[in-house]
Structure formats: C-alpha cells, structure tokens
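Taken from TrEMBL as is:
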| type | residues | note |
| --- | --- | --- |
| BINDING | A:R98, A:K138, A:143-149, A:174-177, A:E182, A:H205, A:258-259 | ATP binding site |
| DOMAIN | A:102-288 | domain 'ATP-grasp' |
Protein chains: 2
Amino acid sequence: MDKTIGIFGGGQLGRMMAQAALPLNIQCTFFEASTDCPSAVLGQVISSKAENGLQDFINSADVFSLEFENTPLADVDVLIKNKDLHPPRQALAIAQHRLSEKALFDELDIPVAPYRAVDSFDSLQQAVAELGLPIVLKTTTGGYDGKGQFVLRSADQIEQAWAELGPAGSLIAESFVTFSREVSIIAVRGQNGDVKTWPLAENHHHNGILSHSIVPAPNSADLQPVAQDYITRLLNHLNYVGVLTLELFVTDNGLYANEMAPRVHNSGHWSIEGAICSQFENHIRAVAGLPLGSTDVVRPTVMINIIGKHPKSEDVLALNGAHLHLYNKTEREGRKIGHITLMPNDSAELTTLCRQLAKILPEPLALTQDMSI
Amino acid sequence: MDKTIGIFGGGQLGRMMAQAALPLNIQCTFFEASTDCPSAVLGQVISSKAENGLQDFINSADVFSLEFENTPLADVDVLIKNKDLHPPRQALAIAQHRLSEKALFDELDIPVAPYRAVDSFDSLQQAVAELGLPIVLKTTTGGYDGKGQFVLRSADQIEQAWAELGPAGSLIAESFVTFSREVSIIAVRGQNGDVKTWPLAENHHHNGILSHSIVPAPNSADLQPVAQDYITRLLNHLNYVGVLTLELFVTDNGLYANEMAPRVHNSGHWSIEGAICSQFENHIRAVAGLPLGSTDVVRPTVMINIIGKHPKSEDVLALNGAHLHLYNKTEREGRKIGHITLMPNDSAELTTLCRQLAKILPEPLALTQDMSI
C-alpha cells in the first residue's frame, strides 16, 4: 500500500471511505471503542478503550482524518503534536459547539435563524421573549439525529424544556425557521486549495432521522450558486482539507444555514454511483494530498436509508438499477444499517420504484409521497 | 456478514470481486499460493501450499467461485463433493482445454477458425498442408497472454515450432484468421437462468497483453446481437452461473470465436464505473443466488491497463474524470498492476485524455493512435 490514513471512528462512513481508498492503494486504520465495527473488514481497528490505544492509533498511519464529528478534542490534541489531521482541529472544535458555529456563520455573512445563548432559566425566558415562539432549544455540544433538542411551542413548556436540557449547562435557543424544505451542500477542498462542490441534495426526514435524499435537489438552480458560495467561504476561512457538509433551510427569505458537519455525510451517499467521483473518494484524495475528482452528476439519483430492520437483499436487488449498501450492523430501532441508491430515468420511473420499495422496506420511512427528479 | 464466497485465486480479479461483494454484506475468502496477494486486504487467504489448505478453504465459505481459469480440476473435484461451485466444473474443464473448447463452439454452431489437433510432427505437417499458412500452434492446455504459442508463417519454421511446443504433448493448430479487430462479449447468468449481457468491448493489445478496451465497441450495432446470441448459447448449454467472457475476431465473414474465459475478464473492468452494475457485482450476485443488476452502459468508457510500472497516482487523478484502480502488486515487466478508466464526453476529449495519458504512463502501450467512441 502506498499510504495509510488513520480514521477517528469505525462506522459506515469509515467503511465507505476505506472502500474508496482501496483502489488508490491507500489503506485505512480506525480508532473505535468496539473492534467489531462496520469498518473492521477493511482495516485494523485500534480500540479506543485499550491501554495505549491512542498512541497505537497514532503510530498506525501516516495522516489522519475522522468520520465522527464528536471525536474528542483531547485525542486530537495529542495526535496533532506529531501527525497531520484533515480537516483541521479548528473546524472540528467549531462543529462541536453550536454557539461557535453560529458565530462563524455570522462572521462569514452566512444567514442563520436568530439565536440566543442560554445558560440559565432566566436567560431562557429572555430568549423566548426576544425571539418569540416557537423556538428550538439545543445543547451547545453533543446531540445527534434529533437527540438533545426540545421544540418549545408555548410559554407553558419553558419549565419542562429547562428541566430536560438545563442540566446540560450550555444551551442555544434558535428561532424556529419556517422552511419549505431542507437541503444540504457538500464540498471538498484539496491541500492545494482547490474546491469542488456536489449539487444540492433535498433531504427528507422521518422521526428526526434522514429518510431519503434527492440529488440534484429539484428546482435548485437558483439556490446552488448561493449554497456553493457559503460553503466555499467556510472551507477557505478554515483552511479546510477534506469533505465538509452544510445543512440549509430553504425559506421565503432564501437559504439559512442550519449546521455544518466536518465530514462526509449521509446526504452524500448518493455520490458513490451518482457522481463521477464520490464524497468518499474525494475525501480520501484530499487527505492523501491527491488531485480532486470531478463532482459532476452522472444521473439524477435518490438515496434511501435503511433504518432499524433489513429488507430482503433479493427484493431490493430485483428493482431495476438499484444499488444496495449494507453496513454489517445489527438491527436496532432508529439505527441506520444501510442505504439504497436509485438512478431512475425520469420521475415516473422514480415513483414506480419508490412504491415498490415502500412495500419492501420493513420501515417504509417517508416514501409514500410522490417524488420528482 | 450474510454469506461467504470462497474464491479460487487471490489476484486483482478476486480483489475487485470482494470489493463488489462488501456492500452486499458478502465476504470472500481466497485460495492462493501466496497469502500476500492483491485480495488479501479484503478477506482471509488460505494458502494452497499449506497442509490441509484445500480442506480449510472448503470449510471457510458457503459457496464457491474462481478468478483463475487454470484452477486445478483435482481441487474442484474435492470441493464439489460437499459445496457448490459457480461456474460449473464442466465450463472450467472445457475452458482449460482448447480442443474441447473448439468442439463446443462447433457443437453450438459458433464459428471458429479452421483447426486441427496436433500430437506429432507428422500431424503438424499434415495440419500445415490442410490449413495452409500462416497458422497459430498452441498448447491445448496452459498458456496465457501469448505464452505457449507459436505463429508459423513459413514451412521452414515447422521444425522450430515442433521443437518449442512439441514437448507439451497435445497441441492445436489454428488457421491464422484475418481480422480487422478483436472484441469480447461478457455476460452473466443467474441461478434462475436469467441472462444479461454487457456491450461488446473493442480490445487492443501490446506485446500480446491487453492494452486497452473501448466500450461499446465502435460500430458494433450489427455485431452485438450476434455475439449476444453466441454467448447465450454457451451459458445455457453449460447451465452456467456467473460471468462468462467470449473473445471474438471481427472478420469479413462475421464474428469468429477465439476463446472463452469462465470468469470476469480484464476487458470488463470498464464496467465498474461504465455500467449500472459491474461484471464483479453481477458475478457475486449470481454466485450468491441474488437477482442480476442492469448491464446498461452509463456512458461510453475506455479502460487502459497499467502494465509493468506504476504511473504517479497524482498525474492520473489530475486527468478529468479519470478513475484509478491499483492492485497492490509489485512492478514487473509485462505484469498487469492496475487500470485506469476514462469516461470522456466525446471522441475529441478522449483523444486529448489519451495523449495526456501517453505522457504519464511509464509504458505507453498502444495508446498513440487516435481513438473514437
């Protein structure tokens, strides 16, 4: 192998990174609590629970990256004394702290919903008074897929919200943006400063978890250059290397940034088949210091998550043109255990495929609606 | 993992099969002399030199396939007492014996160049008298990439040809077909008898080794249904399961079969990016008893072999839309150590890319000509 990349985390994102790295003769190692993780089949997993685990991990690779945005900064600080990490520590630190993230968006003139820092019951009451209702109260750190959040719709919920989230210490109250849909933009920046952006994905959720993404997001020609501008500001400001994701709300007043993820993203899984070069390969290329690949779309693509229970593989693969990606994870309610990629010829075929898929998937998600591409 | 497939061989074909198997939660094991082989990074390699190696290999998987057409039939005979092998033993036996192969082509009315069995100096002289010159003299078993062959152009070479190949015992003399180009057809047959065929590849050689393939083969609309018919006859006659390749000559009298390979093939590597479902994924699907994927072409594609020496990865990846596949093999003259896939928008872009590539590749192969798609 030509080079080894050490990845903080060993889940499905690490697995798909390592799959993309292999044809480039790049091997990955992983730092994960359980050595029986989705990435394990593709490279050495060093347990983060083992004595000297971090040092063994640092010794295992030439250059480092991550698939987990809650990678402990303390571990990163030990690493970067000796080895390079892409993306940079600063991007990770900001993405781990919602107030820092909003401050960065403000600094770079990227619109965000009005927000307030909340660190006491009084400041929560004041935030409600200033922002109006509804608001979303979130912990400034942690939380994932809708966890660590409270949607405050009426003033009589203030005490309950504080009781639930107050113990977390530092909170952020955000105005509840009225949006028509949620989109995400994914971009990659190389070590030479080159930036390439994939088309916007339109994302649909079910019970707070991404259900499916449509790419390019329908009717997004006007939004694409704006989103591209925002993410490029972030990438250049942070001197970022690798893939960055920015989640955005489409509102009557244009795009509002929701949050960024300093990593490859579920809404970019479509790119394995749907783009000339996937988010995974381009992330690996960037981290390894190689030229970036084309982010052009091969064909409009829909990515559907498999959540909680596995469908029968033979049912999925019988669908015309369907690609199946399983993560070798055990079934558990609300857990992402795989995804399906469809590349229909037109909206009519997409509708047909989605209706077939809705019958096949044990948890039909949000697929009942008619979609268009 | 849902299932394990044991592969005879552990080279780049096994490596690419295992890469395609992984997203389907299918794991591969390999049976190969050296455990330090291209497939090793993707699954357990059981050394064919180890005591009890064959039995350990048989115990390592649920169902079996191969990436190496010279897989010993003696090993296969032990295997199939207990486990299933796809493709069937008969296909392997025929492909390992050029006279049996020609007889099968004859039986199925698939045109082949006139040939004679040769097992003595006298029979060689008689073959020359009956077939005329030039002829190609080949061993009936073994030989690969031009090895074990003698092109007999004049009668005074008969003694030299016999001196070189006679000791091999059983030979075949084939008329030297005048052909305008060489093409190959690759098809896959599922366990339920479904057959799917990829478009014809036009293959170009350099020093007897495949240099590059263009898919779909230019001006092949009339040839495609004929080739498809021939390979379907073979698949159905053999009750074949998996991927089969048929190499053909394009002559003034139509297509002539050259030889078949009971496996995925170098001229099908383009399909990883260029087809909806690659030869590797469809082979795995067939062996695992899953439905076959679409063999439709995403875009015209050119696959270029990397032979002998590695180019700089950064030079290849800087080419617009280029995909790089390295096999983690050491450099050696005449050895296939990787391939590059190009998916140009038109012939002009292809010409530009090939000229850039000819400067980048340490051994420029047969790329100097202008190609069209």
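Glycine too: its Cβ is placed from the backbone N, Cα and C atoms.
What TrEMBL says about a protein is an automatic prediction, not a curated fact.
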Over the domain 'ATP-grasp' (A:102-288) the mean pLDDT stands at 94
Those residues of the chain, 6+ apart, with a Cβ under 8 Å from that of A:V177 (ATP binding site): A:A113, A:F249, A:T251, A:Y256
If you draw a 10 Å sphere around the Cβ of A:N258 (ATP binding site), how many other Cβ atoms fall inside it, taking every protein chain shown into account? 19
Using DSSP and collapsing to three states, where does A:R98 (ATP binding site) fall: helix, strand or coil? helix
Can you check which residues sit near A:R98 (ATP binding site), meaning Cβ under 8 Å from its Cβ, same chain, 6 or more apart in sequence, and list them in order? A:K138, A:T139, A:T140, A:T141, A:I172, A:E259
Same-chain residues at least 6 positions away from A:E174 (ATP binding site) with a Cβ under 8 Å from its Cβ, in sequence order, are A:A113, A:P114, A:Y115, A:L131, A:I135, A:V136, A:L137, A:K138
The correct three-state DSSP answer for A:E174 (ATP binding site) is strand
